[in-house]
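Database features, via Swiss-Prot:
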DOMAIN    54-228  domain 'FAD-binding PCMH-type'
CARBOHYD  ASN22  N-linked glycosylation site
CARBOHYD  ASN44  N-linked glycosylation site
CARBOHYD  ASN102  N-linked glycosylation site
CARBOHYD  ASN123  N-linked glycosylation site
CARBOHYD  ASN227  N-linked glycosylation site
CARBOHYD  ASN246  N-linked glycosylation site
CARBOHYD  ASN273  N-linked glycosylation site
CARBOHYD  ASN305  N-linked glycosylation site
CARBOHYD  ASN318  N-linked glycosylation site
CARBOHYD  ASN390  N-linked glycosylation site
CARBOHYD  ASN415  N-linked glycosylation site
SIGNAL    1-18  signal peptide
Amino acid sequence: MFRTILLCSLGLTTLSSAATHNITSIFSSSLSPGAQIFLPSDTNYTEDVTQRWTTYDAPTYIGAIKPATVKDIQNIVTLAASNKIPFLATAGGHGATITYVNCTNGIEIDISNFNTVSIDASNNTMTVGGAVRFEDIIPPLYEAGKELPTGTAPCVGLVGATIGGGIGNLQGLHGLILDSLLSVELVTPSGDVLTVSTSENADLFWAIRGAGANFGIITSATYKIYNATNNGLAMSANYLFPASENRSVWEIFQSFDETLPPELSLTAYSGFNQTTQEMELIVNAIYYGPKEEGVSYLTNFAALNATETNLMMVAWPNVTSSMAFGADGDACTTGSYLNTWGLGLAETNIDTYTTFFNELQAFSQAHPDYSGIFVVDRYSSAAAAAVPANSTSYGYGYRNINSHLLFENSYPSDNSTLDNAVNSFMRSIRSQFQRTSGFSEMEIYLNYAHGDEGADVWYSPQHLPKLSQLKS
């Protein structure tokens, strides 16, 4: 779920003719032998080209190009601009913002060939290609006795998550993913290649850490990595609760508002069971430490009337698959119609959570074609908040978010009535949570943004003037 105001508008003032372009004739002579051009009419187009996680308000393409070299990307960017063809670069394909719908008749630059992983354990660094996903780095890092903060969906692109902040269950120990970023190689909108770090193009390095999708295509990135916590082992606990326990669960979540141990993360998943016609609530806890320590933080959950539980020690590569009783596959299914919304909270208001839980049940009962999941990510914000707010362009107050809310709304794509009902419901719910969020203004993890919040919310009023200056 990644925000961009970039590569669909790189000086492209006239887009109406893009659909008539023959992209093969325009680009083929400038590409290396390993590069490929794909058209939507190709038989295997959806297998050969990275597909989006969601089709909701998606961009439209007249074709895709899969570059093999950095020079290929430079040539694609230059030729696309000169021919007034909009484009987007994709890696994991998890961008879900509605702003992408404004990219029409463009080309997809599928950078999936940029998938290398190189670990320098002695110097605690890792260099990756721009298309590498979380699932590509976790096994080799684990084998090397190292770790890096990652998100919980294994198929999400590492770099894409990074430049929007990057949250996950190692955040309490090492901060946001972008706080571990050391440098990148970047193809600029003008087609130049730059090395960007604190010592080279430092202003640009500030900008890409929080607003990177606006400043170019990252072909490689180098990260600081860390010694594996608890020898790479974590406790994973899952609890399935009936609807009647939801208020008690939110009370426990509230008890962690002041202090959440850095080794502990909590995730709640709420959804409607079509069979029982009741809401259900799953809580997952990940603790990077000894089992007995982790269990000591979960006694209040264990005291509730869970209908199913499991608790196990898992190696880091198996953490995500252990969450929510192993139901992590949906996050990696492409081509679904998912209308996502999000919000960040500083505190937990039990009444707001309980009211929404009941309203989501009523909405689900009233709309049989609707299937919504409400996710609450709880990570310690201490390490992220310890980084000075002005050191990166990441939204000014985002580092103080205690709870990241994600609303995943799934329903048939041809139901405009339900589209309107869902959007109206989400606006109301977002406003309710915002009023009791503990923040004076809306705060949101950029990669969870819906796309209607506006630039002040995405980048913060404090950072937006400098970002605009660097963009001009």
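Residue numbering: from 1, along the chain as shown.
Cβ from N, Cα, C; glycine included.
According to DSSP, ASN390 (N-linked glycosylation site) is assigned to a helical segment. Looking only at other Cβ atoms within 10 Å, the busiest spot among the glycosylation sites ASN273, ASN305, ASN318, ASN390 turns out to be ASN318. Counting only same-chain residues at least 6 apart in sequence, none has a Cβ under 8 Å from the Cβ of ASN44 (N-linked glycosylation site). Long-range neighbours of ASN227 (N-linked glycosylation site) (same chain, six or more residues apart, CB within less than 8 Å of its CB): ASN124, GLY145, LYS146, GLU147. Every protein chain considered, the tally of other Cβ atoms within 10 Å of the Cβ of ASN415 (N-linked glycosylation site) stands at 15. When Cα-Cα distances from ASN415 (N-linked glycosylation site) are compared across the glycosylation sites ASN123, ASN273, ASN305, the shortest belongs to ASN273. Taken residue by residue with DSSP, ASN227 (N-linked glycosylation site) is part of a strand. Residues near ASN246 (N-linked glycosylation site) in space but far in sequence (CB under 8 A, at least 6 apart, same chain), listed by position: SER270, MET279, LEU281, TYR353, THR354, PHE357. There are 11 other CB atoms within 10 A of the CB of ASN22 (N-linked glycosylation site), with all protein chains counted.
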